[in-house]
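Quick notes on the structure that follows.
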């Protein structure tokens, strides 16, 4: 009987073991992919869906054409509308109110997008969102307000040089050390900015140093916000739509409170009510194109990598500056071209420093050896 009990126990253990091992086959740990962490615009590892269009069905050249077309179309309209709003006579003092309206639209877009995804829970703590919202207000508010004092091309050139505050912060805060390419990139950008600003001060009739200070502070906030957002999204696995909804809605409250305290809300509302199409209408399209543009940038990064994405966005900024001079009357000097090329060189060196394994440039030593060999061959042929 004992043997029967033992055999029964063994058989039960065997069954339990089989159940355990068989159940283990169905245990899986789901790790969110990079695309899911970055943005809900990109739905899965295999499928790249942008604005309801599945790009995975197309071949690589078609995907590239669609992404580049989306980036250029939406961001060029975005830049044109931004400058168009500030060209409305009397609107320049209301940069903060434009940011308030923009934050309101972004909050609505984020809420709509959040309803389209399955997981609607807030993962990132409220305190973190309060910090991110403050930095977002600083980045976009100061950037919009700077257009009341600067030419639009000058603002775009400054936006291209986010590397400078990032490097300064890395040295003083984290004690980082940078290679020659990074230092050269920062130097080229700095010299290009100084040259462009000096050119602007000589030809622009209403140049104001306040605009330079505002856009510089916006760049510093922008340099910090990227690191804070990335850390929060990786740590808490938050989605991009969640980030947009909470950071912009909290930022909306910040700006509303600030404008109310400084009595800046009433004059702005009065002015915009007199020009509803030129203010609220343009601001809606301005916000919508900016929101759509980022989805194509994220798709471009996912499919082709950050290197190509940086190249495309840099080309877009260059085109924005050209269109700004074509569509809006402003003074021009060749110093804009040379200083702009110096900034582009800085951007190239920055990209090169991050992708040295992919981009192979000929070394000076190799070039010199090649020249010496060519001279030897030429001398030998002449002797013969």
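Using the three backbone atoms N, Cα and C, a Cβ is placed for every residue, glycine included.
Counting residues 6+ beyond its ends, the transmembrane segment (64-82) has Cβ neighbours under 8 Å at 50, 53, 55, 58, 144, 147, 152, 156, 282, 285-286, 289-290, 292-293, 295-297, 299-300, 303-304, 312-313, 316, 319-320, 323-324, 327 in the same chain. Per TrEMBL, transmembrane segment is recorded for 64-82 (among others).
Here the transmembrane segment (94-117) has long-range neighbours at 40, 85-86, 137, 140-141, 144-148, 239, 241-242, 244-246, 248-249, 251-252, 255-256, 258-259, 264-265, 267-269, 271-272, 279-280, 283-284, 286-288, 290-291, meaning same-chain residues at least 6 beyond its ends whose C-beta is under 8 angstroms from one of its own. Taken from TrEMBL, the feature transmembrane segment covers 94-117 (among others).
Residues 82-83, 86, 92-93, 95-96, 98-99, 102-103, 159, 200, 206-208, 210-212, 214-215, 217-218, 221-222, 224-225, 228-229, 232, 243, 246-248, 250-251, 254-255 of the same chain sit 6 or more residues outside the transmembrane segment (129-150) yet have a Cβ under 8 Å from a Cβ within it. The transmembrane segment feature in TrEMBL is assigned to 129-150 (among others).
Annotated transmembrane segment per TrEMBL: 156-173 (among others), in sequence order.
Distant neighbours of the transmembrane segment (180-198): 154, 157-158, 160-161, 163-164, 167, 212, 335-336, 338-343, 345-350, 352-353, 356; these residues of the same chain sit at least 6 beyond its ends, with a Cβ under 8 Å from one of its Cβ atoms. Marked as transmembrane segment by TrEMBL: 180-198 (among others).
What TrEMBL records for 204-225 (among others) is transmembrane segment.
Residues or ranges marked as transmembrane segment in TrEMBL: 245-268 (among others).
Residues or ranges marked as transmembrane segment by TrEMBL: 280-300 (among others).
Taken from TrEMBL, the feature transmembrane segment covers 307-329 (among others).
Sequence annotations record features per position, and here TrEMBL assigns transmembrane segment to 335-352 (among others). Beyond the ends of the transmembrane segment (335-352), by six or more residues, the same chain brings 153, 157, 160-161, 163, 181-182, 184-189, 191-193, 195-196, 198-200, 307, 310-311, 314, 318, 321, 359, 361 to within a C-beta distance below 8 angstroms of the stretch.
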Close approaches to the transmembrane segment (204-225) from elsewhere in its chain (Cβ under 8 angstroms; 6 or more beyond its ends): 132, 135-136, 138-143, 145-151, 154-155, 158-159, 161-162, 164-166, 169, 197, 330-331
